[in-house]
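The structure appears right after this line, and notes come after that.
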Amino acid sequence: MDYLDLGPYSSASGTVRLPGSKSISNRVLLLAALAEGETTITNLLDSDDTRVMLDALGKLGVKLARDGDTCVVTGTRGAFTAKTADLFLGNAGTAVRPLTAALAVNGGDYRVHGVPRMHERPIGDLVDGLRQIGAQIDYELSEGYPPLRIKPATISVDAPIRVRGDVSSQFLTALLMTLPLVKAKDGQAVVEVDGELISKPYVDITIRLMARFGVTVERDGWQRFVVPAGVRYRSPGRIMVEGDASSASYFLAAGALGGGPLRVEGVGRASIQGDVGFANALMQMGANVTMGDDWIDVRGIGHDRGKLEPIDMDFNLIPDAAMTIAVAALFANGTSTLRNIASWRVKETDRIAAMATELRKVGAIVEEGPDYLVVTPPEKLTPNAAIDTYDDHRMAMCFSLVSLGGVPVRINDPKCVGKTFPDYFDRFAALAKA
């Protein structure tokens, strides 16, 4: 197995420019593909997850011209030209869920599949929602999970569509992005969410990006959404993908743990991503944080006790960035509790179980619950821990921070960061100092 040894490091400082947001990149690619007109996308993320989306769109007949982090997409005016396709989408939830919905109303025969872990990640709630409007979708192996077979169907929207919101916000995102493509009674489609909607900021990203492409979604709280139906997305001409706020969390934490000053460029107060809220969580733990419209600075810890304060917080809104808090909790002066993180169970791996296992390797006492994690830091971090990453990019990036505790750490399968941030470890090494 490949591995990477990091540290020991005692400080971290410098400036890092973030790669484009994964969540925004894949949404914008699909919206541009479905729109009328040509869209020039800049600062597009180059990663495993965006590559599978680009590959799928190409197979569906979308004209794409890529040059570095710029991609020119010629829209299909609401319908993919390819009426048969076999689409491999890796482990990219941001590709498989929205594409499944778009294909379900496209009148073709399609197969959607991915890596083995993708076939363990639920999609049944989305399929149930699509079946309510007439979609013909079959499960190939296990009920409720990919691979999927999608067949031509007569689509009609004549009643509110109900979808669960407590497993993944991507099911709602997929429906919202697809419903403008179909005709509905009274010219509008209504989606009603059953249960508490998790990861609300990601749905907000979807709605904001749809508006950039000319479609305005109205919402009543987070339970009822009204979407114009039978309308056409219109290209905004040019759109820039802002930096990835989830990826920012590792560098912001490094600036706190390693003293800084460390500046992250590409996200800030003007960001549309909820994960910029990570900076507020870090401030609650005592980090010295300042923020501009598109940058965030961290200069160590804002008191003289030398350790972060423990935190007890509901992380329902920022589940991805919360993983970084779990590792930062190793550097706190007491026990931290991360609540309302049940969605971790159905991500790239079971992140609650994985995080608990790996935190224990570096000496933490960890209590693992169905939707929470309690982390008590050790007196001293265990050196030379070999961290398993479970083919999960965020596990690898989070645990790089252990090296800032003055101990060496080994990251197994470091190339898994290719899912969202292929050169992460090069960027981290440029900032961390012995």
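Cβ atoms here come from the backbone N, Cα and C positions, even for glycine.
Remember, predicted model here, so these are calculated numbers, not experimental data.
Noted in Swiss-Prot for the protein shown:
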type: ACT_SITE; residues: Asp320; note: active site, proton acceptor
type: BINDING; residues: Lys22, Gly93, Arg121, Gln170, Arg351, Arg394, Lys419; note: phosphoenolpyruvate binding site
type: BINDING; residues: Lys22, Ser23, Arg27, Ser168, Ser169, Gln170, Ser199, Asp320, Lys347; note: 3-phosphoshikimate binding site
Ser199 (3-phosphoshikimate binding site) to Gln170 (phosphoenolpyruvate binding site), Cα to Cα, whole Å, comes out at 9
Residue with minimal Cβ packing [other Cβ atoms within 10 Å] among the binding-site residues Arg121, Arg394: Arg121
Pairwise CA distance, Ser169 (3-phosphoshikimate binding site) versus Gly93 (phosphoenolpyruvate binding site), rounded so that it is a whole Å: 11
Output, ordered by sequence, the same-chain residues six or more apart from Asp320 (active site, proton acceptor) with a CB under 8 Å from its CB, or 'none'. Ser246, Ser249, Asp275, Lys347, Arg394
Taking only the CA atoms, the spacing between Gly93 (phosphoenolpyruvate binding site) and Arg27 (3-phosphoshikimate binding site), expressed in whole angstrom, is 11
Between Arg121 (phosphoenolpyruvate binding site) and Arg27 (3-phosphoshikimate binding site), how many Å separate their Cα atoms? 19
Using a 10 Å radius on the Cβ of Ser169 (3-phosphoshikimate binding site), the other Cβ atoms enclosed count 24
Proximal residue to Arg27 (3-phosphoshikimate binding site) among binding-site residues Gln170, Arg351, Lys419 (C-alpha distance): Gln170
